[in-house]
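In Swiss-Prot this protein carries:
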type	residues	note
ACT_SITE	Asp13	active site, proton acceptor
ACT_SITE	His41	active site, proton donor
BINDING	12-18, 40-42, Arg307, 333-335, 415-417	GTP binding site
BINDING	Asp13, Glu14, Gly15, Lys16, Asn38, Ala39, Gly40, His41, Thr131, Arg145, Gln226, Thr241, Arg305	IMP binding site
BINDING	Asp13, Gly40	Mg(2+) binding site
BINDING	Ala301, Thr302, Thr303, Gly304, Arg305, Lys306, Arg307	substrate binding site
Amino acid sequence: MSNVVIMGAQWGDEGKGKIVDLLSREIDVIVRFQGGNNAGHTVIVGDKSYILHLIPSGILHEGKTCLIGNGVVLDPVVFWKEVEALAERGIDVGPQRLMISRKAHVIMPYHKALDVAREDFKNKESRIGTTGRGIGPCYEDKMSRIGVRAGDLADPALLRSKIEAALVEKNALFTALYGREAMSVDAVFDEVMAVGGRLVPYLTDVSSVIEDAWANDSGVMFEGAQGTHLDIDHGTYPFVTSSNTVAGNAAAGSGIPASRLDRVVAIVKAYTTRVGAGPFPTELDDEAGNHMQSVGHEFGATTGRKRRCGWLDCALLRESVRLNGPTDIALTKLDVMSGLKELKICVAYEYNGQRLQHPPQEQNGLAHVTPVYETMPGWDDDITAAKTWEDLPEAARNYICRIEELLGVPVSMISVGPERDQTLNRK
């Protein structure tokens, strides 16, 4: 069985949830390896829609084991709400098939308060568009070696001592710098334990579970969140998330050897979207952009914010290919492009008198590039009922083939609608 990484190749919201859901049919274990509840995966099954922020999309398939790896930052309240919501809809979310790494760090109430206080404190121009869910401050504490880990929820004395130590610094920031009220040790401890205690049965050694799966010849899928260009190191810094979103982090964020990863599927939306602030060379503020936004229902699953829309950017995607080494591409939302008379693909950038095949590496460089476009004919056909490659109009097939040529990676899956069965497989 293969061990496959699913990662977003753009700025997130590429449709990873649907692809994970589809490929979960062939895989026994699904692992979330980074990020927190600042990302949302939407999966539509029949007339039911599921939005998942922490729990892997594979939970919707009976008998699959779903793991939350050490690279994730976990909000206990959000996790438990997802558990209850899925249970109410008849999904088995017991600890025999849903497990959390003891090494995963916990988002504490003071992390969320600090996230909001900092963003409010900044002037409008310096804000990065954080979701305010405490992701960044939690990762900060992890790197500072003062964080609370999921395993600490089983040790109330240790948990309380960590809260006491953390609030010495956090309360100084709240009161002296941000003009907020100090937080109480007792209040924070009680809030966390009210839910945290319920998570204890879900705690496990994720590395060991994966190792056992391999011993039984089971395949494992590693589910990423956000997208490549939100990566803390390789994204459009500082307009990025607080974790490594690239495929290579699947190993570190799950506690497994990188040599076991043998397939990387890059999820690419047929156009480009971005939520929040940050450079976006192909952004559109015209009829075509409005078409993508309205037909594609481009609102964030986590924040509800309207997504910015633009033409497909293959210069940006070349960087994703270089960083992730994908074996194949799953192209999503191709149906949204129906009705556009012509399509444009950014094939390079003009920057400081040079033509670049990849984004400039200096900070703010991407904000000053000029996209170089190729124009292709569009199509009017409704492709949502397409079942085979031949069912697609010639213009759509040509669009896909040009993407393959520009990136040097085959497109193996094509999504033509939100439903599970609205997917073409080109294997």
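Every residue gets a Cβ built from N, Cα and C, even glycine.
Overlay of Swiss-Prot annotations on the structure.
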residue	record	CB count, 10 Å
Gly12	GTP binding site	30
Asp13	active site, proton acceptor	29
Asn38	IMP binding site	27
Gly40	IMP binding site	19
Thr42	GTP binding site	18
Thr131	IMP binding site	22
Gly304	substrate binding site	9
Lys306	substrate binding site	12
Arg307	substrate binding site	20
Leu334	GTP binding site	24
For the binding-site residues Lys18, Arg305, which one has the sparsest Cβ surroundings, going by other Cβ atoms within 10 Å?
Arg305
Three-state secondary structure of Lys18 (GTP binding site) from DSSP?
helix
Taking every protein chain in this structure into account, which of the binding-site residues Gly15, Val416 has the most other Cβ atoms within 10 Å of its Cβ?
Val416
Return the member of Asp13, Gly40, Gln226, Arg305, Lys306 nearest to Val416 (GTP binding site) in space, with distance defined Cα to Cα and candidates limited to these recorded positions.
Asp13
